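J.: From TrEMBL, for reference:
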type	residues	note
DOMAIN	60-139	domain 'GHMP kinase N-terminal'
BINDING	Arg80, Pro81, Ser82, Ser83, Gly84, Leu85, Gly86, Ser87, Ser88, Ala89, Ser90	ATP binding site
DOMAIN	196-269	domain 'GHMP kinase C-terminal'
Amino acid sequence: MLTVRAPATSANLGSGFDVFGAALGHPADVVRVERASETTISVTGAGAEYVPTDPAENTAGVVARELDAPAHIRIDKGVRPSSGLGSSASSAAGAAVALNELYDRGLSDEELVWLAAEGEAVVSGDAHADNVAPSILGGFTVVTDGGITKIDADLPVVVCLPDIVVSTRDARDVVPDSVKMDQLVETVGNASTLVAGMARDDPELVGRGLTDPVVTPARAELVDGYDAVTEAAREAGATGVTISGAGPGVLAVCRHRGQRRDVAAAMVGAFGDAGVDARAYQTELGDGATFCR
Ligand SMILES: Nc1ncnc2c1ncn2[C@@H]1O[C@H](COP(=O)(O)OP(=O)(O)O)[C@@H](O)[C@H]1O
Ligand SMILES: N[C@@H](CCOP(=O)(O)O)C(=O)O
């Protein structure tokens with residue numbers, strides 16, 4: 001039996017829709033695999049009751065099928081589904097890394113990213129790889145058709161998760177079909193600023209680069225209290241705030257680790273004022289999938 005811990009992730013980071021992603025120090029899914037003649041799946045942990053155990057519908061089961069690696073797969077969810085924290089991607093990433101080793105397939109990390117993205121296609125309708133890439137590789141990742149670039153950034157963050165559900169599939173439906181030239185120029189500028197910030201471990205630049213004039217405003221409507229939470233996080237010192245992935249999680253970048261407590265309390269409080277229960281993860285950019293003993 002093999003066990004892999006695959007971290008939660010925050011995709012998009014505002015200006016990098018379907019391109020940017022970051023691995024979080026916590027939470028994470030733990031995926032255990034054992035050779036079998038047919039794939040079976042069992043799920044425990046956060047939101048387990050909402051995760052399908054039919055291998056054709058579970059992202060980890062799809063990975064096992066694509067890799068022709070049947071297994072008993074046990075998933076302990078640290079990442080609640082429909083969170084905007086790459087819940088479905090963590091299971092896909094963990095399964096891809098674990099099954100590649102279990103069956104000695106010899107795929108590279110980049111090949112595993114494209115394989116795990118096939119699992120994502122069953123839940124969101126698109127094989128977007130911006131969650132599975134950081135969950136496998138760690139750090140901050142840039143995914144394009146041409147390949148994957150990784151930066152090992154050191155960045156304190158808070159991710160606040162309200163007690164509401166936004167499915168990635170629904171949140172993709174509200175993304176505008178086209179952008180205006182001034183929006184394109186602003187997005188390219190912000191995305192470039194963010195990448196420079198990641199390369200320099202500079203939270204001011206990363207925070208500035210989170211701003212996005214197209215996708216985030218459209219999706220903010222799906223997250224009750226989003227504007228107030230954003231303002232509260234900024235007042236508590238965050239350098240920038242955006243929707244994590246497709247939401248409803250909200251990501252805030254902090255100047256230093258000691259600031260995370262105040263930012264987390266401000267965000268949870270603002271959600272509370274909007275009548276929404278929430279919890280906050282005080283974390284940082286972290287490692288990709290790792291084998292456990
Ligand atoms: N292994 C899995 N873990 C979590 N969700 C899964 C898994 N396999 C399939 N799903 C389905 O994926 C959906 C959640 O994925 P998604 O909407 O992308 O949320 P998130 O933003 O947390 O990734 C749910 O409908 C869930 O049933
Ligand atoms: N680029 C995707 C990312 C979805 O992330 P998730 O954590 O909400 O699954 C999108 O924005 O649709």
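For all residues, glycine too, the Cβ spot is worked out from N, Cα and C.
The shown structure was predicted, so the numbers you read here are calculated from the model rather than taken from an experiment.
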J.: Near ligand 2, meaning Cβ under 6 Å from any of its atoms: which of the binding-site residues Arg80, Gly84, Gly86, Ser90 fit that description?
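T.: Checked binding-site residues vs ligand 2; flagged Gly84, Gly86.
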J.: Counting Cβ atoms within 10 Å of each candidate's own Cβ, which of the binding-site residues Ser82, Ser88, Ser90 comes out highest?
T.: Ser90
J.: In the three-state scheme derived from DSSP, which category covers Arg80 (ATP binding site)?
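T.: Where Arg80 (ATP binding site) sits, the three-state DSSP reduction gives coil.
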J.: Write out the long-range same-chain contacts of Gly86 (ATP binding site), meaning residues 6 or more apart in sequence whose Cβ is under 8 Å from its Cβ.
T.: Ala8, Thr9, Ser10, Ala11, Gly21, Val79, Asn131, Val132, Pro134, Ser135, Gly245
J.: Averaging the per-residue pLDDT over the domain 'GHMP kinase N-terminal' (60-139), what integer do you get?
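T.: That region's mean pLDDT is 95.
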J.: Quick check: which same-chain residues outside Arg80, Pro81, Ser82, Ser83, Gly84, Leu85, Gly86, Ser87, Ser88, Ala89, Ser90 lie with their CB within 8 A of the centre of the ATP site CB atoms?
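T.: Going along the sequence, the neighbours come out as Ala8, Val79, Asn131, Gly245.
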J.: For a Cβ distance below 6 Å to any atom of ligand 1, name the binding-site residues from Arg80, Ser82, Gly84, Ser90 that qualify, or say none.
T.: Ser82, Gly84
J.: Report, as a single number, how many Cβ atoms besides its own are within 10 Å of the Cβ of Gly84 (ATP binding site).
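T.: For Gly84 (ATP binding site), the 10 Å Cβ neighbour count is 29.
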J.: Please give me the CB contact count at 10 A for Arg80 (ATP binding site), counting all chains in the structure.
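T.: Its Cβ has 22 other Cβ atoms within 10 Å.
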J.: For the domain 'GHMP kinase C-terminal' (196-269), what are the DSSP-based totals of helix, strand and coil residues?
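T.: Here the numbers are 41 helix, 8 strand, 25 coil.
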J.: Could you give the number of helix, strand and coil residues in the domain 'GHMP kinase N-terminal' (60-139) as assigned by DSSP?
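T.: Per-class counts: 45 helix, 8 strand, 27 coil.
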